[in-house]
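Asks: I'd like to ask you about the structure that follows.
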Amino acid sequence: MDMPHLHCLSCRWRFQRLSTAVNTKEEEVVSSFLSSNMAPSRRLRRVAASQPGFLNLKTDSGGAALAGGRRKRLNKNKKKSWNKHSDINDVDAFLEDVRLQERTTGGLLSEKSDESLFFLDAGPPKDQRVSQPAEEQKRSKGKAWRPLRIDLILQRDSLVPIPKDVLAYQKPNANNNPNRDYYDMWREEPKDTSDPWFLQQTGKKRVPRPERMNEKPSVLPAVEVIAAGGSYNPEFFSHQALLQEAHNVELKRQKEEDRIAKQLAVNKEHFATEETVMKEQVEGLVEEEAEEGEEEAASEEDVAVGAIVMAEKKTERQRRKERVEKLKVQRRQANRAKSDKRQQLFQLNSIKKTIKERETNTKVKQEQRKSNQEAEKAQPRRLGKLKFQPQDMEVQLSNELAGSLRRLKPEGSVLKDRFKSLQKRNLIEPRERAKFKRVLKVKYVEKRAFREIT
């Protein structure tokens, strides 16, 4: 009876050993899995902690929470996904801790000395103790006196030093001259208000207008005065001169119309006759012997042209002779150039005369070019696809003249005159009235009420 009992005990012991082995194996697998997942975060934390002057003031409890999560398979092949799925909490915590140390202690704690960090607080000295006002002592009735909260809020709680020289950190954008002084508008010192740079920076003086914008597009006046012959009671000769000018304009326009009509006219020789029609119909139907002979001659010429002509090879004697001739030609040209230079010494007077003539010609051309440029300023330029068309001259015939303003017959339109003046002075481009093109046809429909009446 004892043997079976002992056998059962041994089996139970073996089972316990196997279970413990399995548990330990599972723990090793889990720990290895967690360590592989936590490797990047630990590496970041280790790099952050290894920075010089780092002293962690806050406890990080996020490591245990990260250990319990399952690792996700993420693609970080793009910048957007990398920024989205990267864990930078450790780096942010490190930077926030550095900022906290700078605000509270004025720098990193590892760089501070013990005397600056620790001191013996024995209370303020007697001469520096602030006595509480009598009125506030009565109001407090024995309570400890404390400053107001608004005073505590306004107190400076950061030990980061303020930059003393603000101008050293500010660089004006528009100051292209380094030797020019930069004005600080918030400085209490008075500035000289006559300096143009100071007035421009403070907005009290406008930026100067460019010179090219001050130039007028045309030298013509806004309102041109008509000639003396256009008066309601003009002199005889001035009126005749104005009529002659209008006659020349109409004559020029008539010649242009005649020229266009002549170009568009059809010549009588170009009309088709019975002979030309018959010749055109028969062409290509009758074969002639002359054409065959011409084709044979052309074929023989093609064969002769197509043959390859072999060039004869030159002998050594011929080549030597060509080289000697070439050297003679070169020497002859060099001697001729030398003789020409010698002859030029005796031609100095004529050369000076030609130079003076060229200078006078260039001066005349320059003056002519300037005069042409000045004349072009008074002419309308080509601003668009259309050319400027001058307005018709407003002139009255001799029998249409009136002796007084009351019986004067009006000519032209003020609106058209101003519009043409703007075009002539290059202020607007020449235009034409837009052509209205109807997209859909007009459809007439009789309404029911109209149909009942009819």
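Cβ from N, Cα, C; glycine included.
Predicted automatically and left uncurated, TrEMBL annotations should be read as such.
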Asks: Please find, within the list 67-87, 193-213, the residue stretch that TrEMBL describes as region 'Disordered'.
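Replies: It is 193-213 that TrEMBL annotates as region 'Disordered'.
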Asks: Kindly report the helix/strand/coil residue split of the compositional bias 'Basic and acidic residues' (357-379) according to DSSP, in that order.
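Replies: Residue counts for the compositional bias 'Basic and acidic residues' (357-379) by secondary structure: 21 helix, 0 strand, 2 coil.
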Asks: Work out, from DSSP, the number of helix, strand and coil residues along the region 'Disordered' (311-342).
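Replies: The breakdown for the region 'Disordered' (311-342) reads 27 helix, 0 strand, 5 coil.
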